[in-house]
Every structure is written in C-alpha cells, then in structure tokens.
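Colleague: Checked TrEMBL, it gives:
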- 13-199: domain 'Class II aldolase/adducin N-terminal' (DOMAIN)
- His98, His100: Zn(2+) binding site (BINDING)
Amino acid sequence: MNLKTDEFFSKADELIAAGRFIDSKGWVPATSGNFSARLADGNIAITVSGRHKGQLQRDDIMLIDPHGQSLDGQKPSAETLLHTSLYQRYPDVQAILHPHSINATLAARLFKTEIILEDYELLKALAGIDTHETRISIPIFANDQNIPRLAAQVDEFLDQYGETHAYIIAGHGFYTWGGSVAETLRHLEALEFLFDCEIRLHGVKQP
Ligand SMILES: CSCCC(=O)C(=O)COP(=O)(O)O
Ligand SMILES: [Zn+2]
C-alpha cells in the first residue's frame, strides 16, 4: 500500500518551501534543524536525518507513525522524539519547526534559563496573543545528546508550567509549533525578531 498520499505530498511541499525560507535567513546552517507536519490520520511527515534543510526535495521528507517509527524505511530526524512528544501533548499542533539560529544560540548564553518577551507589538504574531501588553517566557533547556532524556525534561517542565509557544535548547537551537506550517513559520519568524531585540538590548557591553 502506498502511504504517501496527496496530503503527504502537499505537507511535504509546505515543509520544503519553509526550509528554503528559513535557510535564506541563515537559520539552518550545515544540515541542522528538522521540520514536521501532522497528517489527518495521525501519521507525521518529517525530514529525513542529515539532509540540508534549505535544499529539501520530496525524497527528503518521510513518513513516521505517531510513535516515531519509520513507515517507509528511511531514517527520520535524530530529534524525532522531540516532535512526537509535542504532537502527543498538543492535539491542535499540526506542524513543528526547529531552526539552529544564531539568535537562539546567543539568547541561551545570555539568559540561561528563560527569555522574557514583553511589550512588543510582534508578540501578536503568536497564536492567542492580541495585545503588546503581554508577558511570555520562553524556557531554555540544557543541551543533551540523549534525546529521550531531553524530551523527558521538556515534558516534565511543560507538565508543571503549562503552555508555551516555543523552547530553546542551549547551544543548539529552538523548537516552535502551531496549527499549520504557515502559522508555525510565522511563530519562528516572530520569535527570531524578538530574540534579536532582547539580545541587542541586553547583550551589548557597556563602555
Ligand atoms: C549538524 S546538526 C546536529 C543534529 C541536529 O541538531 C539537527 O537539528 C539535525 O539533525 P537531523 O537528524 O534532524 O538532520
Ligand atoms: Zn537540532
């Protein structure tokens, strides 16, 4: 049975286009990052491990089940568990994007455990926020090569502190998600701008 349906290819094409845009900004250097989108049957279209995310072709997007098992023989992202955990937690989440941007990396060096974003008009680009008079915290987790342990740490935090639009992994990148690939890309772009503002504001050494 061919599991790659029209819906799969449509989502794959959205992820490919998102990858080109994200790469054009320099946010997925040297094969870093990974992307996924949930399909109507619960299976997930996700990037094959090790591919350059700015040069994706249809063959670079593969199919996994909700538990992260490959359904087409290809090897999914090394960070698949971070995707499947978020889909399991948030039934409305339909796409996840993970860039390795300079701003996320610098933000973790500067802010250590969380980055606070408040009083920015662009916060309204994040789903559910309708005023600049909003204060959100983006948590920062220590990097870990043990992805199950990292996923468990994220899960434990989200169990305790509830919803967030994104999280940063120190020295690594960030994860963000949304109700569609387009919404997730909007979150990614807005968060990049907001991280940049905070880094410029707090990161410039005083004379
Ligand atoms: C060269 S980046 C190291 C791995 C990583 O953090 C990443 O985002 C890409 O891994 P993938 O297996 O998804 O290609
Ligand atoms: Zn990564």
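Every residue number used here counts from 1 along the chain in the order it is shown.
Each Cβ is built from the backbone N, Cα and C atoms, and glycine gets one as well.
Any idea what these are sitting next to in the structure?
Modeller: Here the domain 'Class II aldolase/adducin N-terminal' (13-199) has a mean pLDDT of 98 out of 100.
Applying an 8 A CB threshold to same-chain residues 6+ apart, the list for His98 (Zn(2+) binding site) reads Gly33, Asn34, Phe35, Glu79, Leu82, Gly173, Phe174, Tyr175, Thr176.
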Colleague: Using DSSP reduced to three states, classify His100 (Zn(2+) binding site) as helix, strand or coil.
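Modeller: It is coil.
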